[in-house]
Each structure stands twice: as structure tokens, then as C-alpha cells.
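As C-alpha cells, the structure follows; a few thoughts come after it.
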Amino acid sequence: MATLVELPDSVLLEIFSYLPVRDRIRISRVCHRWKRLVDDRWLWRHVDLTLYTMRPKVMWHLLRRYMASRLHSLRMGGYLFSGSQAPQLSPALLRALGQKCPNLKRLCLHVADLSMVPITSLPSTLRTLELHSCEISMAWLHKQQDPTVLPLLECIVLDRVPAFRDEHLQGLTRFRALRSLVLGGTYRVTETGLDAGLQELSYLQRLEVLGCTLSADSTLLAISRHLRDVRKIRLTVRGLSAPGLAVLEGMPALESLCLQGPLVTPEMPSPTEILSSCLTMPKLRVLELQGLGWEGQEAEKILCKGLPHCMVIVRACPKESMDWWM
């Protein structure tokens, strides 16, 4: 069996990539070879800092010493639930990310208070922005904001962002490159607001609406009216009926449809009704049913047999993470 000393650099780099950031830095003290490997650009393309309570001083050090132009994606947490005296993400730090990390494409922020951080301070190179349990101000996504902000943004994930409301949704229209939108637990968005917002976001190709107060029927109606080119839909089945699902019939570009439980409504379409609607979707290739309790049941057999051209996935909902920031 080969020892660590005998392993080639490429294998050691692969091993080091699975280590948390703190451990990567510690092992750089083992020997000159490991120090050189830890400094390799490849190892710092994707960085996850959500495991730590990261003080701004430490973050600045990481930014200057290790990340810089190497960084492609970054996950980091804030101090939203740590009290008013806790340090917060600053506009200066986010601006520095944009200046020192010109290759940064994806930024995921968790439990961060962004109410005093202008959206203009985010790196302009971002293609994906994820906000998980974050606070934002009313001005953050206001329609009258500078239209040149985040010109390359293609995907935005808003997961349990309590301040997000109809006005914010309509403000997303200034991101002309936006193609993917995920709304998770954004309970302030209304049916009227969703319809008005999607009317101006007709170029979206992927939409997920999960755990919101909106009924599935009203969501699908808005999609059928305004998102004729949508390719992927994922939504919670709360308030879904057979007539509501039928509004998707004939959707010309839809390739993937996911209906996510738990099953809580007697109006839920039967497997036969779901099959009937799916057969009218010419490009449908993936049908996923999550958390409906149909695994191994007759419903699964009906759908698999009736949709031979589709990948039919029937499974339980994945277990929710025990990590409070996820």
C-alpha cells in the first residue's frame, strides 16, 4: 500500500479538496511539499466557509492570501442570529471580492444581514446568486435600481428570505440575462404579484416555487400564461388539482416537471390524470414526483408504463438538513 509520501501531487490535491478550509491551512505546515500543494490554484476554485463563524479579519486574510483570482464559487455565512453586536458582512468586503476575484461566478450567502449592504457592492462577474435565510432591504431589488448591476446574472435562489415580496420580484426584470429563478418559502409573494412578475420574466427557462403560500394551481396558471419557453418546473403540490395541472398541456419547451409533496390535498390529480397531461407535452423527458407516498405503488407503474420516453422518478422527499444554515 502506497504511503502519503509516495502519492502523486494530483492524488494529494484531490484528497485535500475534501478537507475544510481550516484543515487545509493547517496541513500546509506539515512540509514544504504540502505547503506548495495547499497553495495550488486548483484547490481554491470552490470554497465553503459556512462551517465556521468567520470573523471579517480572517476572511480578509483568506481573500488576500489564498483565494483572489483562483476563486470560482464561494459559500459563506453571516451573523444574522448572533445579536446586534456581532460583525456583519460589509460592503467593503463584498466589493473586494469583486476586485480581487475576477473569476468569481457563484456566491451563496447564508444567514447574512444584507439590509445595510447595497446590491451594487456585489461582484459584477456573478452568474449565480443564492440567498439562504438572509435579510435584505426594500431597496435591494427595487425596479428603479441601476440596470447595469449584475449584468451576467443567470440564476438567483431566494430561500427563506422573509423580506422578499412582490416589489422585489418585479425588480428582477432588470437582470436581462436571468434564466433561472428559485423561490423557497418566500411567503410575502402573492398570486397577483407572481402573475405580474412572470409577465415581465417571460424569458425564464427554469422556475421553482417551493414551500410558499401560493397555491400550485395559481402558480401553474401564471406559468402557462407567461413562460411559454420554460424548460424546467419544480413546485410544491399544495393546492394542486387536475384542472390546474391541465393548464400546462401543450407546453412546447417543457423538458422537466417535478411535483413535490407532502401530499396534503384531496384535489391532487390521480396518476392517470397526471399521465394524461404529460402526454400532451412534446418535449417532456423527466417527470419527478417527490414525497407523494407513491414509491413502489401502482401509481409508479402506471406512469412508467405510460411515459416510456420519459425518465419517471418517484421517491420520498430528501431528509431536511440538520444544519441550521441550510
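Each residue, glycine too, has its Cβ placed from N, Cα and C.
Straight from Swiss-Prot, the features:
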DOMAIN    1-47  domain 'F-box'
REPEAT    51-78  repeat 'LRR 1'
REPEAT    86-111  repeat 'LRR 2'
REPEAT    113-133  repeat 'LRR 3'
REPEAT    161-185  repeat 'LRR 4'
REPEAT    186-211  repeat 'LRR 5'
REPEAT    212-236  repeat 'LRR 6'
REPEAT    237-261  repeat 'LRR 7'
REPEAT    266-291  repeat 'LRR 8'
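Averaged across the repeat 'LRR 7' (237-261), pLDDT for the predicted model comes to 95. DSSP states for the repeat 'LRR 8' (266-291), grouped as helix (H, G, I), strand (E, B) and coil, give 8 helix, 5 strand, 13 coil.
Long-range contacts of the repeat 'LRR 1' (51-78) within the same chain: residues 20-22, 25, 39, 41-42, 44-45, 87-90, 93, 96-97, 100-114, 128, 134, 325, each at least 6 residues beyond the stretch ends and with a Cβ under 8 Å from a Cβ of the stretch. Secondary structure of the repeat 'LRR 4' (161-185) per DSSP (helix as H, G, I; strand as E, B; remaining residues coil): 9 helix, 6 strand, 10 coil. Here the repeat 'LRR 5' (186-211) has long-range neighbours at 155, 158, 160-167, 169-170, 172-173, 176, 178-180, 218-219, 221-223, 225-236, 253, 260, meaning same-chain residues at least 6 beyond its ends whose C-beta is under 8 angstroms from one of its own.
Same-chain residues lying 6 or more positions outside the repeat 'LRR 2' (86-111) and placing a CB less than 8 Å from one of its CB atoms are 50, 55-56, 59-60, 63-64, 67-80, 117-118, 121-134, 157, 324-326. Here the repeat 'LRR 1' (51-78) is broken down by DSSP into helix, strand and coil counts: 15 helix, 5 strand, 8 coil.
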